[in-house]
Amino acid sequence: MTKIKEIKKVLQQEDADAAWITTPLNIFYFTGYRSEPHERLFALLIPSNEEPVLFCPKMEVEEVKQSPFKGKIIGYLDTENPFDKYSKTFSKMLIESEHLTVKRQRELTKAFNIEHYQDVDQSIKDLRNIKSEDEIINIKKAAALADKCIEIGKSFLKEGVEEREVVNHIENEIKKYGVNEMSFDTMVLFGDHAASPHGTPGDRKLQQNEFVLFDLGVVYHHYCSDMTRTIHFGTPNKEAQNIYNIVLKAETEAIKSIKPGVTIKDIDKIARDIIEEAGYGDYFPHRLGHGLGLEEHEYQDISSVNNNQLEAGMVITIEPGIYVPHVAGVRIEDDILVTENGYEILTQYEK
């Protein structure tokens, strides 16, 4: 319940009576219980001076009781109004404005006589930004399993194999290691198809002397990994190899700069300057990276407009890329833990 204590500190700082959390991943973050309730109400109420209250469909109550959550559980039937089961008045409520619908907010106002709302999204992002020891352990395991996925995929490469065949093989084989969920749709792209940064694997067949781009991640105990490797099948042409070398240098130098106190936009600049000086600046169309945790893309953006500083306990990706249509697409991505004195690279597959 340490994380709930942290959000209660936010309530005190903002002079608010309660927080209303409805994003399933944020509810999991604070309670240890995960659910996807679809259209049904699933919400965590955190009053400033009372125990937390979890609203959930009645059919999930026994599951909640088996979870780490310690607080009041309000289960309701589909024919019942869950707000009828809890009577309190809160003058000021913190809400996830990025997630809460207008309809739900009207219901809250009526149920709890709320006079004022304030956004809590950023406060939760700040909490999730710094990982606990347990979270780091899970992300490290997810990263190791992502390494295994690349190994599985590379060993399956052969002339004439289709992109989607490789995807299916990776996802089937990694299940043997206890993986039930990928972080996102696995991407395997051949040759200049990889010049589309978010291309969709299809029936393109692998030919000799092409690059193969793998972008994938694994979920382990709810935590994600996200890595990219670009591997040559045969001998790439001179321009493609040059592009690869530039991207590798950009990633290597950016990672070397990582430590607490470094301004995030400066890391992006290191990689971007290398790519621009090589003449490929127009072919690097995305940010350098992002946060990683319960979601494969989360706070913070590693970008040229982020003036925040790195802190120990953050887990981020570094993923420069160059995408030249009809020539080649190269991206290299690693998961990085910011440590007290520098960094630790969590994804270890060779480059």
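Each residue's number is its place along the chain shown, starting with 1.
Just so it is clear, glycine is given a Cβ too, placed from its N, Cα and C backbone atoms.
Site annotation (Swiss-Prot): Mn(2+) 1 is bound by Asp226, Glu319, Glu333, and the candidate from His169, His193, His290 recorded at this site is His290. Around His290 (Mn(2+) 1 binding site), the same-chain residues at least 6 positions away in sequence with a Cβ under 8 Å from its Cβ are His297, Glu298, Gln300, Asp301, Ile302, Ile316, Thr317. Separation of the C-alpha atoms of Glu333 (Mn(2+) 2 binding site) and Glu319 (Mn(2+) 1 binding site): 4 Å, rounded to the nearest whole number.
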